[in-house]
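> Here it is, the structure in full.
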Amino acid sequence: MAPALPWLLLWVGSGVLPVHGTQDGIRLPLRSGLAGAPLGLRLPRETDEEPGRRGSFVEMVDNLRGKSGQGYYVEMTVGSPPQTLNILVDTGSSNFAVGAAPHPFLHRYYQRQRSSTYRDLRKGVYVPYTQGKWEGELGTDLVSIPHGPNVTVRANIAAITESDKFFINGSNWEGILGLAYAEIARLCGAGFPLNQSEAVASVGGSMIIGGIDHSLYTGNLWYTPIRREWYYEVIIVRVEINGQDLKMDCKEYNYDKSIVDSGTTNLRLPKKVFEAAVKSIKAASSTEKFPDGFWLGEQLVCWQAGTTPWNIFPVISLYLMGEVTNQSFRITILPQQYLRPVEDVATSQDDCYKFAISQSSTGTVMGAVIMEGFYVVFDRARKRIGFAVSACHVHDEFRTATVEGPFVTPDMEDCGYNIPQTDESTLMTIAYVMAAICALFMLPLCLMVCQWRCLRCLRHQHDDFADDISLLK
């Protein structure tokens, strides 16, 4: 299912919050008074919302729950009478799918037979991921978000009847809401790298639909263009570890794409970039030795509660292309973001962490560890993504997560990776060349066959002539 939201805001907090959506056809007016605003790199806070509009978003604040390693979800209702489900918010896919059969990891599931508004489309659905899969049946039903816009829409729903390594024990969500573009709403999946078994503390955040809530961020919003409308693809132009440039060709950062994906836990980097980044992080944190398995995300490191030496780990800065020509901005994350806390049962008195930067074979993925602590605006109407520091941003005694700019960066368009395209004329040329090569190989064979046939005919004629002579004798 491809959502059609002009504006979506995801704000994932870094602390525990009190407990207090987005389908095909939802189109909401932007409550920000931006009709004539110029497209600048920064959007001053006083110009992007009409006075008195703050109350419009009160019901949407703190509507996200979840865990960093298991995804963040929003409460939704499906069917008539409404059935309440927790749905994972995923900006890296475009399908809307819910559990529709009993499963050991589900406390509840969508029961189609109890909905008077369910319509069966009589189509099967099969979606494989790098790890795991699910399959089910496609239909439509009425959907709404209680802590969201006051809108009920009919949406396409994939009812999951069978799955393998898709639902996560203890995650508390029963379905997935893909908020990316229609181009990737194919019935297959590229990857679903959430963690299946680790227990972590619950945190919360907000998903605001239709505008911007200024109470949830500090400073200015900085926007980067959406390069292509499939995933939320952006362009990274520079990477620094503790202020030291990795000095790589910027195309390496975006090979074969760079996306913002709330459905992925880690910051995932292409192989060359990952190796360079880990080397720099190791050098910066050399006062302590860590096992190789830690850097590969396979082992935990633990310290006595309250004694984690955050200061030995470097900050990581990603520079993103800005909206103004030759200008970029940077987002800086702290080790409190890329060292993900994990509750280790065996050593519950310790603070244990997992390295949340991993290697990728499908480009850079800015996952939940990047988005946590930032206010992220998915502005589909203007084809851009905004970043600001959240109101509960990550910080320690000396450092804080930041969004800063502008920085002069020429030729940023060259940093984007372009998949080689082979046009039809090239394919036809290749086909003709192959046909000519085949003809050259076949010609000698044909000549040999013809020669053999001729010799056989001549021999047959000679034998007949010999028989005639013997009869005359």
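Using the three backbone atoms N, Cα and C, a Cβ is placed for every residue, glycine included.
Annotations per Swiss-Prot:
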type	residues	note
ACT_SITE	Asp90	active site
ACT_SITE	Asp261	active site
CROSSLNK	Lys473	ubiquitin cross-link
DISULFID	Cys188-Cys392	disulfide bond
DISULFID	Cys250-Cys415	disulfide bond
DISULFID	Cys302-Cys352	disulfide bond
LIPID	Cys446	S-palmitoyl cysteine
LIPID	Cys450	S-palmitoyl cysteine
LIPID	Cys454	S-palmitoyl cysteine
LIPID	Cys457	S-palmitoyl cysteine
MOD_RES	Lys123	N6-acetyllysine
MOD_RES	Lys247	N6-acetyllysine
MOD_RES	Lys251	N6-acetyllysine
MOD_RES	Lys257	N6-acetyllysine
MOD_RES	Lys271	N6-acetyllysine
MOD_RES	Lys272	N6-acetyllysine
MOD_RES	Lys279	N6-acetyllysine
MOD_RES	Ser470	phosphoserine
SIGNAL	1-21	signal peptide
TOPO_DOM	451-473	topological domain 'Cytoplasmic'
> Quick one: mean pLDDT on the topological domain 'Cytoplasmic' (451-473)?
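Within the topological domain 'Cytoplasmic' (451-473), the model's average pLDDT equals 60.
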> From the Cα of Cys454 (S-palmitoyl cysteine) across to the Cα of Cys446 (S-palmitoyl cysteine), what is the distance in angstrom?
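Cα of Cys446 (S-palmitoyl cysteine) to Cα of Cys454 (S-palmitoyl cysteine) measures 12 Å after rounding.
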> Hey, what's the Cβ neighbour count for Lys272 (N6-acetyllysine) at 10 Å?
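For Lys272 (N6-acetyllysine), the count of other Cβ atoms within 10 Å is 15.
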> Including all protein chains displayed, how many Cβ atoms other than that of Cys250 (disulfide bond) lie within 10 Å of its Cβ?
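Step by step: centre on the Cβ of Cys250 (disulfide bond), count other Cβ atoms within 10 Å, giving 22.
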> Tell me the Cβ contacts of Cys415 (disulfide bond) under 8 Å, same chain only and six or more apart in sequence, or just say none.
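Spatial neighbours, sequence-distant, of Cys415 (disulfide bond): Ile235, Ile236, Val237, Cys250, Lys251, Tyr253, Asn254, Met321.
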> For Lys257 (N6-acetyllysine) and Lys271 (N6-acetyllysine), what Cα-Cα distance in Å is obtained after rounding to a whole number?
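The separation of the Cα atoms works out to 13 Å.
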> Measuring Cα to Cα, tell me the gap between Lys271 (N6-acetyllysine) and Cys352 (disulfide bond) in whole angstrom.
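Given the Cα positions, Lys271 (N6-acetyllysine) is 26 Å from Cys352 (disulfide bond).
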> To the nearest whole angstrom, state the Cα distance for the pair Cys302 (disulfide bond) and Lys279 (N6-acetyllysine).
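Cα of Cys302 (disulfide bond) to Cα of Lys279 (N6-acetyllysine) measures 21 Å after rounding.
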> What does DSSP call Lys123 (N6-acetyllysine) in the simple three-state scheme?
strand
> Compare the Cα of Cys450 (S-palmitoyl cysteine) against each of the recorded positions Lys123, Lys247, Asp261, Cys392 and report the nearest.
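Of all the candidates listed, Lys123 is nearest in space.
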> Rank aside, I only need the closest one: which of the recorded positions Lys123, Lys247, Lys272, Cys392 has its C-alpha nearest to that of Cys457 (S-palmitoyl cysteine)?
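That would be Lys123, the closest of Lys123, Lys247, Lys272, Cys392 to Cys457 (S-palmitoyl cysteine).
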